[in-house]
Amino acid sequence: MTERVQVGGIQIAKNLYDFVNNEAIPGTGIEADKFWAEFDKIVNELAPRNRELLLKRDEIQEKMDTWNREHKGQKLDMAEYKAFLKDIGYLVDEPADFKISTSNVDPEIATMAGPQLVVPVMNARFALNAANARWGSLYDALYGTDAISEENGAEKGRGYNPVRGAKVIEWARNLLDGSAPLASGSHKDAAKYYIDGGKLAVKLQNGDVTGLKDESGFVGYTGAADAPTGVLLVKNGMHFEIQIDASHPIGKDDGAHVKDVLMESALTTIMDCEDSVAAVDADDKVVAYKNWLGLMKGDLEESFEKGGQMMTRRMNGDRTYTGADGSELTLKGRSLLFVRNVGHLMTNPAILLKDGSEIPEGLMDGLVTSLIAIHDLKGDGKFQNSTKGSVYIVKPKQHGPEEVAFTNEFFGRVEDALGLPRFTLKVGIMDEERRTTVNLKACIHAAKERTVFINTGFLDRTGDEIHTSMELGPFIRKGPMKQAAWINAYEQWNVDIGLEAGLSGVAQIGKGMWAMPDLMAGMLEAKIGHPKAGANTAWVPSPTAATLHATHYHQVNVFDVQKELANRQRASLDDILTVPVMEDPSSLSAEDIQQELDNNAQGILGYVVRWIDQGVGCSKVPDINDVGLMEDRATLRISSQLLTNWLYHGICSEEQIMETMKRMAAVVDKQNAGDAAYRNMAPNFDDSIAFQAAVDLVLKGREQPAGYTEPLLHAYRQKAKAKYGQ
């Protein structure tokens, strides 16, 4: 039984109450009694409004279901469909043209373009790795991944392979030639780098001395001018440092004693309290909030054993250089941090309201994470996150402008409660629900003084696409879905609306995750498409991926791209509204159907078993072909909703689903054989809470609000914690 403290009209789990009073509040200048009194007032006043917004979702969905049932199997008459959507309040009138007026935005968001990490804030080690991923070794990123082929003797092996090393160095020199070309010759022929009269001089192997073709690309250096240990360059706002050390194992054999190229990598990181964590009660929420506090104060540490030695990870300090003009230059050593709160749907037993109901978790997140961020705003921590006095909060899974307006109002209430200037709290709007996509301009307008990013998310957005139009017919397979007309239009529309609303130079226009952390060669080839599409940030699955993706922003000046795109015709709303149902379900072979069932069932089970049994909300889960995929609740939503849809429309039977689930459970068990903490699902399926959760996500998928997986996951995780004593 949870021990609780009664404060006014709320009952707070004692461990959360103690954490806030004894750890979060000291140093903020806020009085604990006043904080809880304001907290009580805000949540008890706004919780009913929160519930009303959720009821409106249900009412709209019921009307959609009825209309879709009546039009099943018919070709959509787009004029009729849009009139219906307007009639039920799904599609609202677009506001007149406007530009966002967000102020005090850090340059990493407003005027720079580069990779973004998303990490579970409950994992301190991951959080620290991400915070420190502002800078990364290009040599390590290339050597340790498939970005460099293992062909022709370039295998990774156990020790250092000089053949592979040579390929890494060649790749890096090519990057230097592209990002910092010399007036004559190539970086491959460099014999010495030095500073002469505030400019970079490069002595070549043939004795010639040259410099940069564009001298403004030289920013600063470390060490002595005539023998620098580091040369700092910049391309399209992204810094990179040629590191020189003749005594280093790599540097000693290099023509110019270059040991590495250090890349400015993850400009921003989202510390996630949402889709990548499993936080179902006060114990879990305290872990999340405590790590966020450590990040805001700069004192988060994590000790762990590696190779038989204890190591302690901490946040990196800033980087200091001598500038080209001789003055001291300091660059941030850490990624700029956002925090992602949960959306409007879930409640949490950590706090009970005056009517005994659980608190809307998003209200709790907003109040507590903002309180904690005061440590950064006051500048009394070890490091500064925002140099502009802002707090960056990502708000996911909002449906339409009314819900964004509610967030905007709530943030204002939080600012007043904490004594913060208006619009200190900035908002990142995830464009991952269909009603937000089609009303994106109105959504941005509802928070036009706070918006610092919009971001597309293919997986959640597809999950909502399926659930919204569940009754219309069976949906196409997950693979072809990525090429469907609506997705391309959705991705373009997000950029078009963002540019119309004046986000360029003020806020981020973001793109989604590369979900295959082991396939970096593929990422290097494909993900340049994101900056080319006008996105000034895009999600990557690891610090290594951030370093490699950073090279794309050297090749593409995103702000130039945005200027060009600002004049193109906006993407078609009709395309976005085109529902990707199958034209001819009978064309699917039995083999096609089973393959899709196997693939989705395996992904569902592989993710759910770790979520339920171990409380792991984000992990690299091997797919059916043993390719490691980064999975979070978004991937689970699309997989479960697709199977729900196929079952509902008779593409497959419940018996088929169960047979597939049981067979795939054995596959997942085998894939996890090396994990000592793992609990097998097969063959005692009735005893496996995780297996039951996975099955329910499919069999009860139509009943889940918007196809979200959280209600079932939370319920089953709480069961597992009770059963296993976690």
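Each residue, glycine too, has its Cβ placed from N, Cα and C.
As recorded in Swiss-Prot:
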ACT_SITE  Asp632  active site, proton donor
BINDING   Val118, Arg125, Phe126, Ser276, Arg313, Pro541  acetyl-CoA binding site
BINDING   Arg340, Glu432, Gly457, Phe458, Leu459, Asp460  glyoxylate binding site
BINDING   Glu432, Asp460  Mg(2+) binding site
MOD_RES   Cys618  cysteine sulfenic acid (-SOH)
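Positions of the features from Swiss-Prot, shown on the structure.
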residue : record                        : contacts (Cβ under 8 Å, 6+ apart)
Val118  : acetyl-CoA binding site       : Thr269, Ile270, Asp272, Ser276, Arg340, Met513, Trp539
Phe126  : acetyl-CoA binding site       : Val119, Pro120
Arg313  : acetyl-CoA binding site       : Ala124, Arg125, Leu128, Asn129, Asn132, Glu301, Glu302, Ser303, Phe304
Glu432  : glyoxylate binding site       : Pro396, Lys397, Asn455, Thr456, Gly457, Asp460, Arg461, Asp464, Ala634
Phe458  : glyoxylate binding site       : Lys482, Ile487, Gly512
Cys618  : cysteine sulfenic acid (-SOH) : Val119, Pro120, Asp272, Asp275, Ser276, Val277, Met630, Glu631, Asp632
Under 8 Å by Cβ from Pro541 (acetyl-CoA binding site), same chain, sequence gap 6 or more: Met513, Trp514, Ala515, Met516, Pro517, Met630
In three-state DSSP terms, the structure that Arg313 (acetyl-CoA binding site) belongs to: strand
Other CB atoms, at most 10 A from the CB of Arg340 (glyoxylate binding site): 25
Acetyl-CoA site span - longest C-alpha distance across Val118, Arg125, Phe126, Ser276, Arg313, Pro541, in Å: 21
Cβ-based isolation winner (fewest other Cβ atoms within 10 Å) among the recorded positions Arg125, Gly457, Asp460, Asp632: Arg125
Intrachain C-beta neighbours of Leu459 (glyoxylate binding site), sequence separation six or more, cut-off 8 angstroms: Gly512, Ala634, Thr635, Arg637, Ile638
